[in-house]
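**Student:** Per Swiss-Prot, the features are:
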type	residues	note
BINDING	LYS269, ASP274, ASP292, GLU353	Mn(2+) 2 binding site
BINDING	ASP274, ASP351, GLU353	Mn(2+) 1 binding site
ACT_SITE	LYS281	active site
ACT_SITE	ARG355	active site
Amino acid sequence: MEFSVKNGSVEKQRTACLVVGVYEPRRLSAAAEQLDKLSEGYISTLLRRGDLEGKAGQTLLLHNVPNVPADRVLLVGCGKERELTERQYKQIIQKMVQAVSETGSMEVVCFLTELHVKGRTSYWNVRFAIEAIQESLYSYNDFKSIKPEVRREFRRVIFNVANRKDLADAERALEHGKAISTGVAFAKNVANCPPNVCNPAYLAELAKGLAAEYDNIRTTVIDEAEMAALGMNAYLAVSRGSQNPAYLSVIEYKNHPNPDAKPIVLVGKGLTFDSGGISIKPSDSMDEMKYDMGGAASVYGTMKALAEMKLPLNVIGVLAGCENMPDGNAYRPGDILTTMNGLTVEVLNTDAEGRLVLCDTLTYVERFEPELVIDMATLTGACMIALGAHNSGLMSTSNVLANDLLNAAEQADDKAWRLPLGEEYQEQLKSNFADLANIGGRLGGAITAGQLLSNFTKKYVWAHLDIAGTAWKSGVAKGATGRPVSLLSQFLINKANNQ
């Protein structure tokens, strides 16, 4: 898909399909008003006759509009002008995609980017439009022997901005929107891949692929022998029951003007399949446990977006690849594990494995002397119960970092909600036989999981994103979401802008 921006007059657009908005009730947007004048009231006459009310998502395709050089004019309902939100705007763009795809048009000139979205600028309108279009066109059919009939997709979208002075921002939005959409798609592809293909070795190969593609990326893969030498016993315990060995993939992106600048480190839980181990999960929906590597997928997608945007930062992405399976060699409830930093953990439930993989990974990344560390993981069902499928759970030992992430989440429309940490939650992690227990009981399960991780982050600024509710969708819309690639990408954009 080719995207571009311009500042032009709606009356002069020679294109296969010209798209303008109509507000509710039957109110023309500025671009639609200009077309109506050019067509001598043709559009307003149709609205008076009741052909389109202007409710959000309604569409009306017109051919041969008098005096208009475009082959087609698509009217898109935008709802009430003063109530247009980011969510509604994206839905409107996706309705446009659906309608245009049924016409056979190869090119679209879109004036919907001129709409006023609450608290947003032309930059956001263009970027959100690209993200919404790419989201709408995404499909994953790699393993279907009979491919679905592919609709004839348009190949080019030209976004119009109302003011010439906004063109530079719109061009920047193009760059960011395309890069972030690519990162989201890469994350979704990896997460949707079946676990008999996507195992820890597969994640390691993907990480190596980034290094082969980009000159400023270097990848190092840590195997189980090296993990054992490092004392990563908690990580290795989780892997013991699987025939697929664990691999820790370290992706180093260096593009800061100061090559010695401290890196931002992103850590992703990469459980390519989580059966629960000896504490085995119920069979219902166990197939969705291929998504337990959603954290690693989002780090991979973010590193891809980062490289495409060429941001002047030093960033390290870490994919903690592992598989949790039951067999005669699997770790057990009651086992006590000595972690890389020396703390011991009693295993009360082998299905609380992600935190064991992460605690050693979070210790491992100390060697990079990071500016900050953000880990993301499909960690707890408790977070899904608390926040549902709309907000990722955020925990942090730093108010500054937490606020920066919440700001990026709001900007990117990739929402997060902060949950507390504190010594009172540490009490729930007490063990009679070890320094820590790997679960803290039913109450506050998402928080106690984050609190456990905090014991391994004392040497740097840290935040944790629990994406168990946001990394994928179930039911008829089953599939990975690519979250929180947009949030992380925006966080990195902000970091680059403010240094």
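Using the three backbone atoms N, Cα and C, a Cβ is placed for every residue, glycine included.
Quick caveat, the model's predicted, so the values are computed rather than measured.
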**Student:** Express the distance between the Cα positions of ASP292 (Mn(2+) 2 binding site) and LYS281 (active site) as a whole number of Å.
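**Tutor:** Counting only the Cα atoms, the answer is 13 Å.
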**Student:** Taking 8 Å from the centroid of the Cβ atoms of LYS269, ASP274, ASP292, GLU353 as the cut-off, which other residues in that chain fall inside it around the Mn(2+) 2 site?
**Tutor:** VAL238, LEU271, MET289, MET293, CYS322, ASN324, GLY354, VAL357, ALA377, THR378
**Student:** Please report the distance from the Cα of ASP351 (Mn(2+) 1 binding site) to the Cα of LYS281 (active site), rounded to the nearest angstrom.
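**Tutor:** Between the alpha carbons of ASP351 (Mn(2+) 1 binding site) and LYS281 (active site) there are 8 Å.
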**Student:** What does the structure give for the C-alpha distance between ARG355 (active site) and LYS269 (Mn(2+) 2 binding site)? Integer Å is fine.
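**Tutor:** Spelling it out, the Cα of ARG355 (active site) and the Cα of LYS269 (Mn(2+) 2 binding site) are 9 Å apart.
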**Student:** Across all the protein chains here, work out how many other Cβ atoms are within 10 Å of the Cβ of ASP292 (Mn(2+) 2 binding site).
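**Tutor:** ASP292 (Mn(2+) 2 binding site): 28 neighbouring Cβ atoms within 10 Å.
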**Student:** Give the residue from the recorded positions LYS269, LYS281, ARG355 that has the most other Cβ atoms within 10 Å of its Cβ, counting over every protein chain displayed.
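**Tutor:** The residue with the densest Cβ neighbourhood is LYS269.
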**Student:** Enter the number of other CB atoms within 10 angstroms of the CB of GLU353 (Mn(2+) 2 binding site).
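**Tutor:** GLU353 (Mn(2+) 2 binding site) is surrounded by 29 other Cβ atoms within 10 Å.
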**Student:** How many Å separate the Cα atoms of LYS281 (active site) and ASP274 (Mn(2+) 2 binding site)?
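**Tutor:** Distance between the two Cα atoms comes out at 9 Å.
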**Student:** Can you check which residue among the binding-site residues ASP274, ASP351 has the largest number of Cβ atoms within 10 Å of its own?
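**Tutor:** Comparing the binding-site residues ASP274, ASP351, the most crowded Cβ belongs to ASP274.
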**Student:** Check the DSSP secondary structure of LYS269 (Mn(2+) 2 binding site), expressed as helix, strand or coil.
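**Tutor:** For LYS269 (Mn(2+) 2 binding site) - judged by DSSP and reduced to three states - the answer is strand.
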**Student:** Around the Mn(2+) 1 site recorded as ASP274, ASP351, GLU353, what other same-chain residues have a C-beta within 8 angstroms of the site's C-beta center?
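**Tutor:** Nearby residues not in the site list: VAL238, LEU271, SER275, GLY276, GLY277, SER279, LYS281, ASP292, ASN324, THR350, ALA352, GLY354.
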